[in-house]
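Noted in TrEMBL for the protein shown:
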type: TRANSMEM; residues: 6-24; note: transmembrane segment
type: TRANSMEM; residues: 36-57; note: transmembrane segment
type: TRANSMEM; residues: 77-110; note: transmembrane segment
type: DOMAIN; residues: 100-213; note: domain 'VTT'
type: TRANSMEM; residues: 117-138; note: transmembrane segment
type: TRANSMEM; residues: 162-181; note: transmembrane segment
type: TRANSMEM; residues: 193-212; note: transmembrane segment
type: TRANSMEM; residues: 224-243; note: transmembrane segment
Amino acid sequence: MRLFLYLVKVNLCFACLSILSVCIENLEEVSMSKKMILGIVLVVTIVLLGINFGQYLTLENAKTQQAVLNDYIDSNFIAAAAIYFVAYVMITAFSIPGAAVVTLLGAALFGFWNSLLLVSFASAIGATLAFLSSRYLLRDWIQTKFGDKLATINKGVEKDGAFYLFSLRLIPVFPFFLINLLMGLTPMSVSRYYITSQIGMLPGTAVFLNAGTQLAEIDSLSGIISPSVLLSFALLGVFPIFAKWLMGKFRSTPITD
């Protein structure tokens, strides 16, 4: 339960920040009444959660929380892994902001190989649930909202099939949640979508989780500039470039948005 509540709090924090960011970016397009409502919702949510950002964003607090959660996981590994897995599936399925942070958290708490297994399957299952909701529940809304991007996706799938999805998983031209939703409106089968997504997301997931394991080892601010941490962040930056180069060698046409 402690792990579940911690995951919920982390994601609600980032959900609030994401909503605030969207409001700021589209401030001129939002009516005054909606601005007030959104502002009240954000303030009330933050107050109810008791979030003190200065407190929670300190290295000392992060290490304390990590130690507490590690003790719980050591005593209740199966339950903790199940909670993390289900939470990750739901975060992905409902496109809740904060998945990247939860991925790093998983690496810090469960280690590289355990978290790779959990995140790989959870992200693929969550993506497939979003795919199914798009196909059977949200089709009309998605066609209206993202019709221009859907045309690009349909063209890519028609030309390259599952390989197009594989390339999008390696090189996220579109946001992760948008790929899930738009692919649901293509003729691609559910099984092919799931398998291709899991394989395509695996390399990027591994690179990201490696960074998480390195961050978990930091005991002081000076540790941020240690060779292992710097190398992990370098891999995060280089991987998309390498993936794009690699796909360019095999793909018949370039990926365009």
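Even glycines carry a Cβ here, placed using N, Cα and C.
Please treat TrEMBL annotations as automatic predictions, because they have not gone through curation.
The model shown is predicted, which means the values in this text are computed figures rather than measured ones.
The highest tally of CB pairs under 8 A with the transmembrane segment (193-212), across 77-110, 117-138, 162-181, is held by 117-138. With DSSP classes pooled into helix, strand and coil, the tally for the domain 'VTT' (100-213) is 98 helix, 0 strand, 16 coil.
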